[in-house]
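Here you go, one structure.
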Amino acid sequence: MRPLAAIVDLSAIAHNYAVAKRCAPGRQAFAVVKANAYGHGVREVVTALHEVADGFAVASLEEAAEVRAMHGEARILLLEGCFEAGEYAIAAQLGLDVVVQSAVQAAALLVSELSRPLNVWLKLDSGMHRLGFDAADLRQWHAHLQGAAQVAELNLISHFACADERSHPLTEQQVERFLDVLDLDFDHRSLANSAAVLTIPAAHMDWLRPGIMLYGATPFADLGVSALGLKPAMTLAARVIAVREVAVGDSVGYGATWVAERPSRIATVSCGYADGYPRHAPSGTPVLVSGQRAALVGRVSMDMLAIDITDLPEADIDSSVELWGASLPVDEVAAACGTIGYELLTKVTARVPRRYIG
Ligand SMILES: *Cc1c(COP(=O)(O)O)cnc(C)c1O
């Protein structure tokens, strides 16, 4: 069997959920499990959080149906709302909480015939300019939706653009715009993603929406998981499948982009871009071999990559390799590749078996 797996520590996810709750005593939290629980496997993550999570948040009706099949009672929040008018009836059958982020969505809701009224989360565009109503439109739709037959709870939601950059001026503005519409009557309020859960108590409101922190990656460029008290959930684990010596001037890999400047020992590792390891990872990107740091060399291939183990004489065929995980934060690998942990985690492909521990 090909020696590659994403080992997912479910107890780490439960720990991280508890950290989110501890940041905001008395508040409730939707565990964000969109995109297959950020690549970790939505079934297992929902099962692991079944008893403790106050609710779950997803990006589509398809994802919501999958969560509902595993959890009959949990609140499930559809973060982007319905994409077609016909989805409201299904959302009602599934008993979802729906975001209403546009006039089209609001109007379609008001002409839907539903088996039961929905909990509606009116979305304020507080400054991200991606989804939601400006304050004036939000006030109007609040008036239309309040008391409508299709509406059970009427709630308020908004999303930060820059909460990951601490003390960005837009963040304060967004909190202010959110507070500005709280003279309206809402049942519940929700504003905080992971970054805000961890660092902006004024944004905690009633319902948190932690995503990335549950998986033990950081939303911040300058604050790592260990400082935040989070445990990495996924370890992408491979093995050394071949070792060779190369002479000065020899190149390694496609395009011959890396050339040995000293006599080098090169290990070939069983993980490539078809597994979700970023093809654009530059030479020098950190990798752990038997727990020790080594550097990626040359281009990442579809199924393999190469690392320089010249300074690790005990490394050999079958040595364990951690591409990221418990001992090498995914955020550090992401930074080396010019991206964020979110992207690396969500892009681990289906051919990588997930193994669950904890
Ligand atoms: C994905 C998402 C979240 C979670 O964000 P993290 O940065 O992963 O915590 C919260 N709210 C909305 C609307 C989202 O789309």
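Backbone N, Cα and C atoms are what each Cβ position is placed from, and that goes for glycine too.
From TrEMBL, for reference:
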MOD_RES   Lys34  N6-(pyridoxal phosphate)lysine
ACT_SITE  Lys34  active site, proton acceptor
BINDING   Arg130, Met302  substrate binding site
DOMAIN    233-357  domain 'Alanine racemase C-terminal'
ACT_SITE  Tyr254  active site, proton acceptor
Given the recorded positions Lys34, Arg130, which one's Cβ is surrounded by the fewest other Cβ atoms within 10 Å?
Arg130
Mind tallying the domain 'Alanine racemase C-terminal' (233-357) by DSSP state, helix then strand then coil?
19 helix, 46 strand, 60 coil
What are the non-local neighbours of Met302 (substrate binding site), defined as same-chain residues 6+ apart in sequence with CB under 8 A from its CB?
Gly272, Tyr273, Ala274
Around the Cβ of Tyr254 (active site, proton acceptor), how many other Cβ atoms lie within 10 Å? Please give the count over every shown protein chain.
12
Work out how many Å separate Tyr254 (active site, proton acceptor) and Lys34 (N6-(pyridoxal phosphate)lysine) at their Cα atoms, rounded off.
35
Give the three-state DSSP assignment (helix, strand or coil) for Lys34 (N6-(pyridoxal phosphate)lysine).
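The three-state answer is helix.
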May I ask for the distance between Arg130 (substrate binding site) and Lys34 (N6-(pyridoxal phosphate)lysine), taken between their Cα atoms and rounded to an integer number of Å?
18
